[in-house]
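*Asks:* Sharing the feature lines straight out of TrEMBL:
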SIGNAL    1-18  signal peptide
TRANSMEM  225-249  transmembrane segment
TRANSMEM  290-313  transmembrane segment
TRANSMEM  325-348  transmembrane segment
TRANSMEM  360-383  transmembrane segment
TRANSMEM  389-413  transmembrane segment
TRANSMEM  451-470  transmembrane segment
TRANSMEM  482-508  transmembrane segment
TRANSMEM  520-540  transmembrane segment
TRANSMEM  552-580  transmembrane segment
Amino acid sequence: MGKLVAVILSAIFVMCCGSQVMSDAIDHRYKLGDLVPLYANKVGPFSNPSETYCYFDLPFCSPDFVKEKKETLGEVLNGDRLVNAPYKLEFRIDKDFQVACRKNLTREEVNQFRTAIKRDYYFQMYYDDLPIWGFLGKIGRLGTAVPNDRFFLFMHIDFEIFFNKDRVIEIIALMDNRHVVDLTEDRELPVEFIYNVNWKETKIPFEKRMEKYLQSSFLPHHLDIHWSAIMNSCITVLILTGCFVTFYMRVLKKDFMEHTYKEVLTDDQEEKGWKYILGDVFRYPNHRSLIAAVLGSGTQLFILTILIMILGLVGVFSPYNRGNLLMALVFIYAITSGIAGYSSTTFYHQLEGTNWVRNLLFTGCLFSGPLLFTFCLLQTVAISYKANAALPFGTILVLVLLLTFVAFPLLVLGGIVGKNSQTEFQAPCHTTKCPRDIPPLRWYRGVLPQMALAGVLPFAVVYTEVYYILASVWGHRIYTMYSILFVVFIILLIATALVTVALTYFQLAAEDHQWWWRSFLCGGSTGLYIFGYCFYYYYARTDMHGFLQTSFFFGYMACICYGFFLMLGTVGFIASLLFVRHIYGSIKCD
């Protein structure tokens, strides 16, 4: 196991070092007159972040030779398709009314631009790795004499560029409302795309040039909301912890003392409550292979989440490195497959399972199977729309090779190591041959009511942060507050563990010894609450619409929430297992 962990950590280190990519100009230093690379990236409706298209899918003037920028795996997964733009911006060279190109728009091309303006299309470019955004046009009127709205295409862009010595610090693209063309009527139109370039000196150092984008992502009052939510969550967890400690000191200690006192006085008095099911509480659950598989997958996703947050804390996911988060998710998921195989097979072996190969296949397909199925469906939708979300064949081939030659071998290696481990299930009590009958329970002690109750508090702890994460993933903000996210994640784990342990005790006190699956389902129920919140966020907090955006949002959010269900279910099960071992190990067992 030690060698397996060493291999995984080495792979993560190599990935992180390789992810520190730079732009075409390696040191971002230029001389007077040097051509600084300007790349056009994508266009799309502002309200639908997933629906983006290549820049030249619209009939813009294209250069004589369109050259695609070589991109990393993460950039391609992020939907970036960078090509050289028709605007030439030399370092510290001002330009006035420079003609980029002239073109006669056909009726079909006019209709394309008019549809894009109607859907509030924006464009995105990158200049020396600095992002630029702008809208294609506007809808307005020429005065009171013309009652109907008209569609105007911006033809003039003012580039304001700030520099410090030999480095580019900031760039702003301003659309000139005075130079527009009316596209309301279906007719051929001659257009002339022009631009200005104004260079200005600034004292902002190169190392701080990205702070503008980070500060604009979340305003100061957003930080206040974050810290207020964290304080409320901490207070909630402290109260919950205090209640649990009080419960342990008063109720459980009393049960321990009563058990010892009764054994001293008499041996024929029958126990009640959780002590009554002493010989059944560690009886192996149904579907042992499946529960081992879900615990293995949950452990892998837990390690994946921790590593992603650590990389975020050390600054790997900076705005310089576009797509690094997605690339890290893919690579770390692949190389942590060994952890899933080891955890699943080890626990399956402890439960005296025999068909470890089937268990390993369960583990490998439990999360990646639904994820790949969803990916194939959404890939088909993106291809039908000809959107950037449709991955190129080469990228799909890389992903397949990564799963085939990295994830699967590590999964098998972890399974072999787990199979050969000599660990046994640690049960402080002997299990009887015949299980006791579970007494009839009230409706609120059923699985679904308990799951509904278990997920309320953990979700209340994180719902504020969930909004900002969704606004970053499915919006235009950049999420950088990984320290706050890490604190919230720790609070979520504590709340999940405490709530699941409390519900497990109440279940045992009702003489229901089938706690194994119940603890997992109650722990993972927070993932269902997050998925339910996604419906509210989509329909009440955003303007997203259309089949493409809807399918991508709910398809991938279903996979993410399913991952949360597995991960938090594993946390709840492990917490309950440790609790059950402790309380039954604290009483004398024959």
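From the backbone N, Cα and C atoms, a Cβ is placed for every residue, glycine too.
Predicted automatically and left uncurated, TrEMBL annotations should be read as such.
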*Asks:* Are the transmembrane segment (360-383) and the transmembrane segment (520-540) near each other by the rule of at least 3 C-beta pairs under 8 angstroms (pairs 6 or more apart)?
*Replies:* no
*Asks:* Can you say which of 325-348, 360-383, 451-470, 482-508, 552-580 has the most Cβ pairs under 8 Å with the transmembrane segment (389-413)?
*Replies:* 325-348
*Asks:* Is the number of Cβ-Cβ pairs under 8 Å between the transmembrane segment (360-383) and the transmembrane segment (482-508) three or more, considering only pairs separated by 6 or more positions?
*Replies:* no
*Asks:* So if I exclude everything within five residues of the ends of the transmembrane segment (325-348), which remaining residues of that chain have a CB under 8 angstroms from its CBs? That is, six or more out.
*Replies:* 1, 4, 7-8, 11-12, 15-16, 19, 72-74, 77-78, 288-289, 291-293, 295-297, 299-300, 303-304, 307-308, 311-312, 316-317, 356, 359-360, 362-364, 399, 402-403, 406-408, 410-419, 421, 423
